[in-house]
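Below: one structure, written as structure tokens.
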Amino acid sequence: MDTSLISIIIIAIALAMDAFSVSLTKGFTQKNLTKSQILYYGLFFGFFQFIMPVIGYICGTTISSFVSTVAPWIAFFLLLAIGLNMIRESLDSDDEYIMDTFSFKELTLLAVATSIDAFAVGITFALLNMSLLLPCTIIGIVAFIFSISGIFIGKKLGNYFGDKFEILGGAVLILIGIKILLGY
């Protein structure tokens, strides 16, 4: 196997880890996800992990310094808000039905927030004058697989540990946001 292909696969796995963590969280907090909703998670995370390097590549160096300073803050605040909301919902027993709801809005926000690193990788691809098709395809496929795997593993953990696992899920999202913020 070509060393550049190995490098792309390693990058894809690294980029997919945030999507995996979020999917794991969703798996153990949203126990009633249907197969089609699980597929949506994989498709959304895979699509945004695929498209963000393309957008980063297009932006290239023209606005990279501005974007690289603002993007982590956007991801942090999105994940912080969603994480705090999950914790609040888990502590409010009257709102238990909200925990199991599926939301395209939340899914989109999570997919965007976890793909900020992929955007930065796209800027790097532009600086290295790399082609995009193969790396972006691999990144998207790996994110898709990791997201779906995360949900299934999370569902198993959620069944084992119970409903209050949502507090941990919210904390995980907040920690991912902090990691993104500190990584820049």
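Yeah, the Cβs are placed from backbone N, Cα and C, and that goes for glycine too.
Copied over from Swiss-Prot:
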| type | residues | note |
| --- | --- | --- |
| TRANSMEM | 5-25 | transmembrane segment |
| TRANSMEM | 38-58 | transmembrane segment |
| TRANSMEM | 67-87 | transmembrane segment |
| TRANSMEM | 107-127 | transmembrane segment |
| TRANSMEM | 133-153 | transmembrane segment |
| TRANSMEM | 164-184 | transmembrane segment |
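Stretch with the most C-beta contacts under 8 angstroms to the transmembrane segment (164-184), considering only 5-25, 67-87, 107-127, 133-153: 67-87. Stretch with the most C-beta contacts under 8 angstroms to the transmembrane segment (38-58), considering only 5-25, 67-87, 133-153: 133-153.
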